[in-house]
Amino acid sequence: MKEGLRVILSGGGTGGHIYPAIAIADEIKRRYPNAEILFVGAQDRMEMEKVPQAGYEIKGLWISGIDRSFSLKNFIFPFKLMSSLSKSRKIIKKFKPDIVIGTGGFGSGPLLRIAISKGIPTLIQEQNSLPGVTNRILSKNASIICAAYEKVKDVFPAEKTIITGNPVRQDLLKVDQLREEALEYFQLSKDKKTVLVLGGSLGARRINRLIENDLKKFKDEGVQLVWQIGKLYFDEYRKYDSATVRAKEFINRMDLAYAAADVIISRAGAGSVSELCVVGKPVLFIPSPNVAENHQAKNAMAVTEHDAALMITEDELTERFEPCFFSLLQDERRMNRFAANIKKLALPNATSDIVDEVEKLINNKV
């Protein structure tokens, strides 16, 4: 590997695209402490805050997705795209990267397109079981694709698609050793079951309403909650914070949140699914319906088809949530079976395997 490695990572919009990119950057830095790493994301999105918190520089592009319903915002999309392509060209010219890595999200498309046009090695990290339109287009000319699901080879060029799994935070590999610390951190009772509720980094309105409506039921069942409400809804629901309901806008110590949990209620974003497989706890997935091509439901089904989790769609929640979820809480054998089966789906070395592919690409270039 050459001295002075220079890497651009691009991805964002949601935590599911940001945290894999940060995990890859951390592994590159671990192997090559002198590496220069630059992030590129969508301006005004959460990556502009989360990436600097992780210790990396980031530049923003004026870019967003296309609204799938009719919207006036779509009329300015071509101007955003042209602006982002122009800025991406300038960023690449100035930074001179050895490789460009895209983890999905609005910002990665323009940057990868310019990198490909200039013959710079490119790696796409596809988290979902159903790839988005941008990655489908870019995959034809990208150097390599690292994916989490075997079925994406039906969409991507199979000869350059490698199944590595999704990058996960390395601190999640030891959550089974952190139970006592986790209960103390969240000030929870060791004598009650703990349910962790995750609605994604921004929050999930339907999940928050569900939990609000069932707070008495949780209390009656002797269950305590760690409830990640999300940035968009925290002011509305923070009033429920109590000794048995730990209401949080955002959870910085996810390793401890997972360690405290007996059962987890979660969206089914690709990054979350990968983390939950590594953690190995029983899960109820409530996929977001507000995503392209219903990919969260497909991510969840890739787990449930192995008898490794439950899934309830938002349309089914009113009828099915209480009987399904609370019967699971009382069924230790089923909880243990789900935990064992979901753990079998984990690919805990994904981050390392992806950086191995980065090294191969750069070594082939030199």
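Each residue's number is its place along the chain shown, starting with 1.
Positions of Cβ are set from backbone N, Cα and C atoms, glycine also.
If you check Swiss-Prot, you get these features:
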type: BINDING; residues: T14, G15, G16, N128, R169, S201, I251, Q296; note: UDP-N-acetyl-alpha-D-glucosamine binding site
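Locations of recorded Swiss-Prot features on the structure.
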{"residue": "G16", "record": "UDP-N-acetyl-alpha-D-glucosamine binding site", "DSSP class": "helix"}
{"residue": "N128", "record": "UDP-N-acetyl-alpha-D-glucosamine binding site", "DSSP class": "coil"}
{"residue": "R169", "record": "UDP-N-acetyl-alpha-D-glucosamine binding site", "DSSP class": "coil"}
{"residue": "S201", "record": "UDP-N-acetyl-alpha-D-glucosamine binding site", "DSSP class": "coil"}
{"residue": "I251", "record": "UDP-N-acetyl-alpha-D-glucosamine binding site", "DSSP class": "coil"}
{"residue": "Q296", "record": "UDP-N-acetyl-alpha-D-glucosamine binding site", "DSSP class": "helix"}
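Summary: among the binding-site residues (N128, S201, Q296), the fewest other C-beta atoms within 10 A of the C-beta are counted at S201. For G16 (UDP-N-acetyl-alpha-D-glucosamine binding site), applying a Cβ distance below 8 Å and a minimum sequence separation of six or more within one chain yields G104, Q127, G200, G269, A270, G271, S272. Of all Cβ atoms in the shown protein chains, 17 besides its own fall within 10 Å of the Cβ of R169 (UDP-N-acetyl-alpha-D-glucosamine binding site).
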